[in-house]
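Enquirer: Feature annotation from Swiss-Prot assigns domain 'ClpX-type ZB' to 1-54. If you look up Swiss-Prot, you'll see Cys13, Cys16, Cys35, Cys38 marked as Zn(2+) binding site, on the strength of sequence analysis. The annotation ATP binding site is assigned in Swiss-Prot to Pro118, Thr119, Gly120, Ser121, Gly122, Lys123, Thr124, Leu125 on the grounds of sequence analysis.
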Amino acid sequence: MFKFNEDEENLKCSFCGKDQDQVKKLVAGSGVYICNECIELCSEIVEEELAQNTSEAMTELPTPKEIMDHLNEYVIGQEKAKKSLAVAVYNHYKRIQQLGPKEDDVELQKSNIALIGPTGSGKTLLAQTLAKTLNVPFAIADATSLTEAGYVGDDVENILLRLIQAADFDIDKAEKGIIYVDEIDKIARKSENTSITRDVSGEGVQQALLKILEGTTASVPPQGGRKHPNQEMIQIDTTNILFILGGAFDGIEEVIKRRLGEKVIGFSSNEADKYDEQALLAQIRPEDLQAYGLIPEFIGRVPIVANLETLDVTALKNILTQPKNALVKQYTKMLELDDVDLEFTEEALSAISEKAIERKTGARGLRSIIEESLIDIMFDVPSNENVTKVVITAQTINEETEPELYDAEGNLINNSKTSA
């Protein structure tokens with residue numbers, strides 16, 4: 001309430017002591033007065049403290065090397081992809097840190113990231129580990145579930161709802177989060193030629209995603225699903241949300257070969273054939289993604305492309321044993337809680353890795369293979385006090401026989417079963 005009491009003399013601001021005729025307005029409270037100048041000063045102090053809190057949070061941003069070191073603890077191999085991600089993520093959050101009063105006219109634009117690699121090569125794990133490293137909200141979405149507005153399926157805004165939920169509905173936190181959109185290659189146009197048939201999960205979805213990739217204020221239904229005219233919406237600005245797009249892009253090697261073929265005319269076929277799959281992917285360019293079916297505007301919003309290599313037996317064995325949360329360590333700990341030691345022979349680790357390659361599941365399939373070999377043991381061991389040690393051998397994996405079981409004195413107690 002604004003009030004001047006003209007019956008009283010010498011009304012003063014209770015904070016700065018100025019008389020009412022020295023200021024524009026004097027606001028009366030319960031026995032106190034505050035002038036417009038002190039109100040402005042208080043407002044500035046509050047804004048500075050809020051900005052300082054944001055700045056302090058961002059000063060904890062790790063360097064690219066520190067990000068890379070943390071990724072190395074959980075993700076084996078894929079050095080080039082990890083380095084590209086570390087630099088891109090560092091620059092992204094440094095850009096957010098720079099936001100505020102502009103000292104010059106240079107505006108740093110957001111750079112979203114595309115991860116291209118086969119199933120089980122570590123795309124999702126890289127994105128998850130990045131979010132944990134930076135302690136920001138993280139959400140995963142599957143592009144195959146998205147359709148353009150008006151068709152059965154999810155609206156692209158539902159991706160943002162998952163991030164908001166991950167941030168416990170703290171919009172400020174969500175606006176600095178990371179969203180990983182998997183299977184992005186599945187929304188490529190079915191052909192480079194525009195068809196009269198509606199491609200409801202292709203170009204239309206790319207157009208819808210385009211808006212949130214480049215930065216917009218989106219209206220998100222708090223309960224998910226389709227929007228309704230009278231529904232209350234959550235407003236979220238996507239300008240500072242980092243999008244990581246992942247996809248296998250099966251067959252893109254042929255697209256790259258066709259492009260390279262235009263430049264190797266006159267050479268022998270052997271010269272052109274020397275490009276193996278990894279070497280081809282290393283030479284991927286925006287025009288290859290366009291030929292695959294992504295629209296130019298969409299590609300322009302994802303300027304950073306990192307390639308993930310197909311994992312070989314050695315890499316998969318390292319994944320089984322080396323990361324902080326390696327599967328072998330997890331299952332060893334699980335049986336340790338029942339006072340049972342678990343061991344994997346080198347041959348068993350090789351057999352697990354070879355089976356994952358055979359199934360074309362990459363690192364993603366390692367857990368299911370181990371689970372298959374241990375399910376009976378994990379069922380029986382808690383009620384069998386004689387077993388103190390379990391050894392997984394190559395025979396266990398390849399022939400689906402029972403692991404070797406030992407008692408406290410080191411005696412093999414299921415010899416007849418393992419040789420059956």
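Cβ from N, Cα, C; glycine included.
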Enquirer: For the binding-site residues Cys13, Cys16, work out the Cβ neighbour count at 10 Å and name the residue with the minimum.
Expert: Cys16
Enquirer: Would you list the other residues of this chain near ATP - those whose C-beta lies within 8 angstroms of the C-beta centroid of Pro118, Thr119, Gly120, Ser121, Gly122, Lys123, Thr124, Leu125 - in sequence order?
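Expert: So the extra residues in range turn out to be Gly117, Gly246, Leu308, Gly362, Ala363, Arg364.
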Enquirer: Let me know how many other Cβ atoms fall within 10 Å of the Cβ of Gly120 (ATP binding site).
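Expert: Summing over all protein chains shown, Gly120 (ATP binding site) has 24 other Cβ atoms within 10 Å.
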Enquirer: Could you measure between Cys38 (Zn(2+) binding site) and Thr124 (ATP binding site) for me? Cα positions, answer in whole angstrom.
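Expert: That comes out at 52 Å between the alpha carbons.
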Enquirer: List every residue in the same chain as Thr119 (ATP binding site), at least 6 positions away in sequence, whose Cβ is under 8 Å from its Cβ.
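Expert: Thr119 (ATP binding site) has long-range Cβ partners Ala248, Lys360, Thr361, Gly362, Arg364.
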Enquirer: Other than Cys13, Cys16, Cys35, Cys38, which residues of the chain come within 8 Å of the Zn(2+) site, judged by Cβ distance to the Cβ centroid of those residues?
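Expert: The answer, listed by sequence position, is Ser14, Phe15, Gly17, Lys18, Val23, Leu26, Tyr33, Ile34, Asn36, Glu37, Ile39.
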Enquirer: Tell me the coarse DSSP state (helix, strand, coil) of Gly122 (ATP binding site).
Expert: coil
